[in-house]
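Visitor: Not my notes, these are from TrEMBL:
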- 8-175: domain 'Glycerol-3-phosphate dehydrogenase NAD-dependent N-terminal' (DOMAIN)
- 99, 156, 271: NAD(+) binding site (BINDING)
- 122, 271, 272: substrate binding site (BINDING)
- 196-341: domain 'Glycerol-3-phosphate dehydrogenase NAD-dependent C-terminal' (DOMAIN)
């Protein structure tokens, strides 16, 4: 019999905990092919006088991040990232993007060379040349393993409550197509796998710019037609961006959970939307609101808008992306909020698709 596939999870926040619950349940039922024990790397904290790892391993509850939901007993919390990952074939990253590089440096040379990573992380990094670097690319370059992505329309608490939700896996290794679907899914969490990994990851990050615009609309108490216009225009600019910078992606990917579903959800229930609404209503600087409203999380809407703007400016395409550009300039204080609606009114009806390379 072939060796069983081992799995670990790097991270212990709310999203990591819910995914751990799904993975733990699924691998326990796949005992012919999967190792039943799943290690979860937990950044050690003291909660009520006890180590968080001890609490998780004895009560099977992550009291810090998801106190109302029980983990299966085969999830084993450890405070050492190498211990969690060294024997795993699938290494699932569910940590803030700012910690990716340091984790990969710690793990380099200490994991199986045949291991396959999966990034559940949303966000971009900026390369030295001004180009955008995907988080999965950082993992592949620094850890020297292949890396898939899993994102989608997935609010952690709703999935934990067994409300129907969807996710999309962008898989870069055909060997893991079915395995990744089977370890992440649940009866109420539908997972679709595609090989269009770049598009899956890009959509999940660009939607933060649009969610910020939707939050500005909410803060100004504009009507639902206006918000719908923001979502529509934002969706079109997502299409344009991918067509220009990542030609060859599949049009159908935008209609998976990572695309339109995640976009709509983010524009109604997302920390970037919440941040933007408070930014409008309070008039306080974004830097101050970030610490109050989304402590411990990077504000991906403003950050992504800046990275995208730098890339568009370098390519001379700023005018082709009026919504993305306006959001960036509002965040920088270079434009008043009223320009948000003006950007929709003045946007060209012609959608910029110079490559025309979308596949069905």
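Cβ atoms are placed via backbone N, Cα and C, with glycine included.
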Visitor: Comparing the binding-site residues 122, 271, which residue's C-beta has the most other C-beta atoms within 10 angstroms in this structure?
Guide: 122
Visitor: Identify, in sequence order, the residues in the chain of residue 99 (NAD(+) binding site) that are 6 or more apart from it along the sequence and have a CB within less than 8 Å of its CB; answer 'none' if there are none.
Guide: none
Visitor: Rank the binding-site residues 156, 272 by the number of other Cβ atoms within 10 Å of each Cβ and report the first-ranked residue.
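Guide: Of the binding-site residues 156, 272, the highest Cβ count within 10 Å belongs to 272.
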Visitor: Averaged over the domain 'Glycerol-3-phosphate dehydrogenase NAD-dependent C-terminal' (196-341), what pLDDT does the predicted model reach?
Guide: 91
Visitor: Among 122, 271, 272, the annotated substrate contacts, find the widest CA pair distance and round it to a whole Å.
Guide: 13
Visitor: Per DSSP, what is the residue count of the domain 'Glycerol-3-phosphate dehydrogenase NAD-dependent C-terminal' (196-341) in each of helix, strand and coil?
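Guide: Computed counts for the domain 'Glycerol-3-phosphate dehydrogenase NAD-dependent C-terminal' (196-341) are 115 helix, 1 strand, 30 coil.
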Visitor: For residue 156 (NAD(+) binding site) and residue 272 (substrate binding site), determine the Cα separation and express it in whole Å.
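Guide: Cα to Cα, residue 156 (NAD(+) binding site) and residue 272 (substrate binding site) are separated by 16 Å.
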